Structures are given as structure tokens and as C-alpha cells.
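Participant: After the C-alpha cells below, expect a handful of questions from me.
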């Protein structure tokens, strides 16, 4: 299955045709797709209307510098701010993180979008792409926040996606623009980077997004192309039964598998359920690549939200999913 990107704030005729394809599981939205709350809700409705089956609509609405929807949405803090607070007041920090998850999920749902790819559970150890997106550099602290965040997302009616497996935080390179390799053995990764993923899986996380990082002492290819990482370790040893997403095949670190078709096939052959094709110019070739493949068309049904909350209900605070008044932690919009 493919999760595709579209070019603008409205669907083109070609994009409507793409959504008819059996291999298209849904759409991932970016800043380029956002103009206002009303517009993104209308775009979400148009995506669903164009597809002959239920589809998944996703976004990266983490907070901080990775927040695609801004005007009319709450200004969400980066996750690192909660880790910093944890040293002074752990209970308050965890409560704030739960409120952050609840608010983010509720606003995203109110826009007709099913899920944000969250939380980031990488360790914050200097990676250029991760930075303040990580809760902490300490595995147990990240694990504690991961449990809380997953539970809060579920309370707000959103599936939780742990990223970027098996851990992106220790390598320096940004895989959007460069190849990355982590030389540590599996035993060290299990004692450090995998700890938050174990916690998230135990908390009931619904999905995992793979990293385009090579761990040569474990497998020779990037993790998203590796049956060893996906089938043997994530599913076999760690017992994960949810959906596995690739990271975007337009990122530089994915190019090791060759052209567009090679990247799509490498992810699916390794055990990814869904391949992210975020750049519209790569969609047609990706669709051609999956012709004739047997695809798990039911894999994403559990990730599709329980229906849009609606902004009126959100602002009135009447939805039953709220367990903490949002005003207790947040009250501003960007």
C-alpha cells in the first residue's frame, strides 16, 4: 500500500484518479496543503469523497518546528520541553505531555485528518533531523513519556505511531539529505534506543515508522529495507502486531535501493505495510511499480479515526475523549 502526497490545497484531476487506485491507502498532508482550518477540512472531505474505499489521512503535527498546520491551531511545544521540565517536576511534565497529545490529536481530528505521525521516540543525542523533537537523551525517560503520550492519543481517539525505528537519535546525519550509519551492536541498541519502542508497544501503539538508517552490525541495508529489523526483531522478538510505515522514499538515505520502483519494492519485500510517497512527482511511478503485487488492503482500517470531532465540539470542550481541560495547559493558537 502507498500513502501519497498531493501538490496543493485542492485536489487536481490527476490526484483524484490516483485515489481510485487499489494501492493507495491514503494521503499525507504537508504545509503546502494547508491554508486554513476550513480549507484543510474541505480538502480532507474531498480526499475521502474521491476514494472508493476508506482512506487514511495523515500529517506530521508534532509541535515545535514540525507542525504543518499553524494558523488557527494551537502553537504546540517541541517534545524536548517536557523532558527538560521532567528533571524539576516529573508529574507536571507528564501531565503537560498528555495534554499536548490530547490537544494535538483533537485539533487534527477536528480537521478531518485521522492521525499525526507521533510520538517521536528517538533519543535526543544530537541528530540534526531530530533535535528538539525528542523528549530526552535518556532511554527510560523517553520510555516514560512514550507510554503517557500513547495513552493520551488513544484517549483523544487517535492511533499512535512510534518513530523512527529502531532509533534515529544517535547518528548525526539527517537522512532527508544524507546517508546515515550507526555502528553500534544490537545489544547496545536494545539497551538504549529500543527501550522507548518496547514501552510504546506495551502501551498499545498502533503503528511504527521505520528509519532510513543502516545498522551494519545488525543488517547491511537501511532498517526500512531490512527483514531482519522488521520481521525478525520488531515483529518476532518485540511482538509488534500493528502497521509498519516506511519513511518517505524521496529522502536521500532511501536511494540505496535504486530508483523509485526499487525503493517501493525493497520496503514491501522487507515487511513494510505502507510506503510513504510524499512527493507527488514520484506517485505515478510508484503506482506502476505495485501493479500486480498482493497488497494488504485492510492493514490501515484500525488507524482511521472514529470520525472528525468538529471544531464546534472541540472549542466547547464537550467531547467525551477529554480527560483534562485543555485550558489547564494550553490556551493560545498560532
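Backbone N, Cα and C define each Cβ position, glycine as well.
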Participant: Of the residues 37, 133, 147, 184, only one is listed by Swiss-Prot in the substrate site with 60, 68, 163, 164. Which is it?
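Facilitator: The candidate from 37, 133, 147, 184 that Swiss-Prot ties to substrate along with 60, 68, 163, 164 is 133.
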Participant: Counting Cβ atoms within 10 Å across all protein chains shown, which of the recorded positions 68, 176 comes out on top?
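Facilitator: Compared across 68, 176, the most Cβ atoms within 10 Å surround 68.
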Participant: Enumerate same-chain residues with a sequence separation of six or more from residue 164 (substrate binding site) and a Cβ-Cβ distance below 8 A; give 'none' if the list is empty.
Facilitator: 120, 122, 209, 210, 211, 213, 247
